[in-house]
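Peer 1: So TrEMBL lists the following for this protein:
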- 65-518: domain 'Amino acid permease/ SLC12A' (DOMAIN)
- 66-84: transmembrane segment (TRANSMEM)
- 96-116: transmembrane segment (TRANSMEM)
- 146-169: transmembrane segment (TRANSMEM)
- 175-193: transmembrane segment (TRANSMEM)
- 205-227: transmembrane segment (TRANSMEM)
- 247-268: transmembrane segment (TRANSMEM)
- 289-309: transmembrane segment (TRANSMEM)
- 342-367: transmembrane segment (TRANSMEM)
- 387-408: transmembrane segment (TRANSMEM)
- 414-437: transmembrane segment (TRANSMEM)
- 458-481: transmembrane segment (TRANSMEM)
- 493-513: transmembrane segment (TRANSMEM)
């Protein structure tokens, strides 16, 4: 194994390397939690960085927590409600292909993130990777745009929570239930990261069981065991099926379905609080990816079997219409009477889970930005339980303010925020791929071997090129409807593409003010926060 580079890059980098030894961590069964839980150790008055970003966060998240956090952030209203629109726009065959394409894309992005998160298990995740491997301005823009997306998600979930509860209590003010949901999410995040992990574990478990039961019930309905009518593949043979609108339908539904997969990248943020990132991050990534593919592709396949793509209920798939959720429609066909109330309860837990996850991620992104000097220093404060409490309070406050804006006038301000953050998940995925691309190039250029990596993705760089092209197609193609309407719909055009100039503006302003530069590959810091480097002599004495 390589012991480091034979050539000197710069004096600062050599000074860092002189204090550490590179060792083959793959040959060890685990990395001592004592090492990972302490920011630095002193050896002959030299401080050696051991854990991410000099943080005081506690590493209490287990593999099961991380899997469920990613699932909880992904399986939500996009699957339970909006999937009906995907089926309606492309038919059963087209929607199945769409979900399969996006699943492969998500697999490539998440395994890429697994390599970075295992090598550098830091709380800031892709924001920090963008700063380190690309440009500080890029990391800044990535971090704040994703933070804005997070608080917007929280506000959206608060609105949805009030609507869902109103289904049972129509005369009770929705704002009360929304604020109660905010209080619950704050409490779950305020004590320990383990309490957040446990809550998210059980929230996600409810959704997982719902999807599994849905797939089983849907199959029984299709073969005639439930519902007393055998459907088979009849809905694939009706006029226009199975590929409604052909290629254009598949492209349209692929763009729509890709939004449902947003949230899988949150597992990268949890790496900074993982008890054993070298072992758990890759396992959690793979466990999450295959579950997501199974649940999403399996669910859309069952919907296409049981529900005709031209069912009028599918095109009215809004959050306040839980009675026409594709899941509900399948359960109704099975003869299960209380389906609407059960799905309403499931969707309520889904909303709380998504908001809970967004609050956690927003808090950690802001904390990472503060640690890097890109946010006020006060946000670096951490309680003795490992919670960045001021980040949590501020994120809760901003989310609540944004939620309040939805009650002002005709919601123009709120809608602008939603539009601005609409494609932020795509930009985050692209940022992950770009950071990884430059990390790999720097890793080789600076004299290391790919065998030195703790976890290595396959099919690089082909996978990154294909996925990046798909992301660009989805970002540019999501507003195509603005061009197909007559007259030209400027409002739809602005809603679809406003995120791009906002992101570029944040990037360029920071770059101009701070005079940052695109980091040369030879100057990229591959040592700090790396799990490959720690003081072997010190560890042997622990």
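Every residue gets a Cβ built from N, Cα and C, even glycine.
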Peer 1: Between 146-169, 205-227, 458-481, 493-513, who has the most Cβ pairs under 8 Å to the transmembrane segment (247-268)?
Peer 2: 458-481
Peer 1: Any chance the transmembrane segment (175-193) and the transmembrane segment (387-408) have 3 or more Cβ pairs under 8 A, given the pairs are 6 or more apart in sequence?
Peer 2: yes
Peer 1: With the transmembrane segment (387-408) as the reference, which stretch in 96-116, 146-169, 205-227, 289-309, 458-481 has the largest tally of C-beta pairs below 8 Å?
Peer 2: 146-169
Peer 1: What mean pLDDT does the predicted model reach across the domain 'Amino acid permease/ SLC12A' (65-518)?
Peer 2: 85
